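Supplied in structure tokens, the structure appears directly below.
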Amino acid sequence: MATIHHHHLPLLHIPTPPAFKPKILCKNSKNDAAFEEKKSGFVDYDKGIHHVSTQVSGIRKDQIPQRYRIRVQGDRFQKDWSISQVVQKVLELDYKSDDVEGLLNRWVGRFARKNFPLLIKEITQKGSIEHSILVFRWMKNQRNYCARTDIYNMMIRLHARHNWTDQARGLFFEMQIWRCKPDVETCNALINAHGRSGQWRWAMNIMEDMLQQAIPPSRSTYNNLINACGSSGNWREALKVCKQMTENGVGPDLVTHNIILSAYKTGAQYAKALSYFELMKGTNIRPDTTTLNIMIYCLTKLGQYEKAIGIFKSMREKRAECHPDIVTFTSIIHLYSLNGQIENCRAVFSTMVAEGLKPNIVTYNALMGAYASHGMNREALSVFNTIKNSGLRPDVVSYTSLLNSYGRSQQPKKAREIFEMMKRDKLKPNLVSYNAMIDAYGSTGLLAEAVEVLREMEQDGIYPNTVSVCTLLAACGRCSRRVNIDVVLQAAEMRHIKLNTIAYNSAIGSYMNVGEFEKATSMYRSMRKSKVTPDAVTFTVLISGCCKMSKYCEALEFFSKMMDLKIPMTKEAYSSVICAYSKQGKITEAESMFNKMKTAGCCPDVVTYTVMLHAYNAAEHWEKACALLQEMEEYNIQPDTIACSALMRALNKGGDPSKVLILAEFMREREIPLSETIFFEMVSACSLLRDWRTTIELIKLMEPSFSVVSIGLLNQLLHLLGKSGKIESMMKLFYKIIGSGAEINCKTYSILLKNLLAVGNWRKYIEVTYNQISVVSYNIKFHNF
């Protein structure tokens, strides 16, 4: 293969041929049967495997010229192999150490020149570029070799498949030296090679040289050129080429339309892709599987999940027209992963396998990514092992997903083991892998280890990006270390990492978490000065942070700025603003904001309802608080522990304690955890209702938690039993409290003595008094010691 360093001639320069070039005629012109492709199949019903291959015989020993036939007649080392057998034997050899040329020199068919194009065709179709180069090099050294354009075309196409663009260009120049005139297929292969490597300007130059050399471009030429522009993200250039294609009288086909859609997809012009698809349907162009796969991808990016799933269902219903392939199922798995529907991810994967499609590494990685996003490390590890057992080799994405699953489940040591395993398997971690490792340490508060990973990352020649900075800032916020936040920001500035909206949001949130209000607002001003556009998350972090620090006026000021910038409100922002209004006693404004939220189509969640419940409790609007529960049931929103405790307080304050016990039963049915606040409100309700039987049942329910609940709640229970005259139950409860190891105080003894004195139980009174003196004496000795 020739390498040309300086090329001063035009790209498609054809050397001037000699005045006379005799034609080469083959005597055996009636051997077409030797070049026919024959299908051969193999089926093993026991193992459930099958294999279909194409066999090409080629010119054999009895068809080669007589002088060569006599030469090999008595040589036992010369083998009369078919072309397919030669290719199979070559591929079985190691191209680095084995003698490929020695094997080819034992092949009788090398004396027939017509075998050479078929040999190159067969071996290039197998895809092994190293073996193909060795065979091609051997072929050029044969005496009867004659350079042909189709041979070079096949070699250029093979180099294009492997993204060996420079070598493909070298073959292009070499074929012209060998007096082979490039044709339209040559240019198509070369344009495709440059397009696959992102060199779309080279592809455009080749097109211009084609026109100068009067080589008429075909539809495939235009499609390759459009794909070269579109795959590089230059969708505008792709549209210009498509327009030029139509003006030159070459009509676009379905492949052209798919390439245009793919160009929109690569250029992140998802809405334009949908519009183009509607235009296709209007011109009665029937889409295929590739078209619909692109549409599913674009709809997923736009968040239109229902429409994407609708296309998937229609593909399954109309199998005869365009059935879903492995790409379709992988896209749907990714869609459900983004939507948080992990069970559906597994169901789609199982359906794909049941329909006979074999998952590839991308499909497995999509399923692992779904599990990793929810910290389901066992499921992710199971998929990882399945990849190995199925004969596939896990790639960097597989290891990163497994690493991320351990990081999300708060197991940084396991994540580190996977990270080291990746290196042992000779895979180099990429930027995403390092960021996942930083997040694994940062999410558990191991800030020093996270910083060490950042240094290791830079030593390996991988430079951190804004994701790395965001992860470290979030870790600083969790660890409540203000100094480290400043250090991370300074490190980002030294490395010339420009902070984007997400990075600024992380910095503001971290400062708010450590109580640095001034630093957070200063970061917001810096964000505006740098002309970085704030989003809904920015203001949500600012407003909620102000509320946590009781700076309600400042929270409302940020809300006003948010409205001025016409940034759409989120549920979190609405909840924070409602909280700010309620804390200031502005219940009317809080109600107005709550109603405005529903009118705007932003459905309130359990957090918003909980904030409103607290607002009504603070304003003593008990009836409105109770009405919110009915509204939550209408919208199928299940209250959590905090919401239920707020509602119970409203019911007790509003004079309706019976509903507190009904709500408690509702919580048990829905398996909502019972907190200490819930128990307190239930005890208060029993006291108001004088429901002693329920009180005894409540004590049995609370008994396993005596050692962790506050002594104030236990004192209230003792007081309730004593007040009702249940002295024996009161004393049993007291002994159970002592047996659980809970700490009792003087208030506890005061309640006991007061109730024993009221009923005149002097014996128990003296016993408790003596016990109190013993405990007090022990505590004094303990403190003195």
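Even glycines carry a Cβ here, placed using N, Cα and C.
According to TrEMBL, the record shows the following:
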DOMAIN    186-315  domain 'Pentatricopeptide repeat-containing protein-mitochondrial'
REPEAT    148-182  repeat 'PPR'
REPEAT    183-217  repeat 'PPR'
REPEAT    218-252  repeat 'PPR'
REPEAT    253-287  repeat 'PPR'
REPEAT    288-322  repeat 'PPR'
REPEAT    360-394  repeat 'PPR'
REPEAT    395-429  repeat 'PPR'
REPEAT    430-464  repeat 'PPR'
REPEAT    500-534  repeat 'PPR'
REPEAT    535-569  repeat 'PPR'
REPEAT    570-604  repeat 'PPR'
REPEAT    605-639  repeat 'PPR'
Who are the chain neighbours of the repeat 'PPR' (183-217) in space, where the CB to CB distance is under 8 Å and they lie at least 6 residues beyond its ends?
10-12, 14, 149-150, 152-153, 156-157, 159-161, 163-165, 168-169, 172, 175, 224-225, 227-229, 231-232, 234, 237, 248, 250
What are the DSSP helix, strand and coil residue counts for the repeat 'PPR' (148-182)?
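So the repeat 'PPR' (148-182) is made up of 26 helix, 0 strand, 9 coil.
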Could you count the residues of the repeat 'PPR' (218-252) that DSSP puts in helix, in strand and in coil?
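Counts, helix then strand then coil: 26 helix, 0 strand, 9 coil.
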Under 8 Å between C-beta atoms and at least six residues away from its ends: which parts of the chain pack against the repeat 'PPR' (535-569)?
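Non-local partners: 501-502, 504-505, 508-509, 512-513, 515, 517, 520-521, 524, 527, 575-577, 579-581, 583-584, 597, 600, 602.
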Residues sitting near the repeat 'PPR' (253-287): Cβ under 8 Å, six or more positions beyond its termini, same chain?
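Same-chain contacts beyond the ends: 219, 222-223, 226-227, 229-235, 238-239, 242, 245, 294-295, 297-299, 301-302, 321-322.
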Where else in the chain does the repeat 'PPR' (570-604) make close Cβ contacts, counting only residues six or more beyond its ends and a cut-off under 8 Å?
536-537, 539-540, 543-544, 546-547, 550, 552-553, 555-556, 559, 562, 611-612, 614-616, 618-619, 621, 635, 637
Summarise the model's confidence over the repeat 'PPR' (148-182) as a mean pLDDT value.
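Overall, the repeat 'PPR' (148-182) comes to a mean pLDDT of 91.
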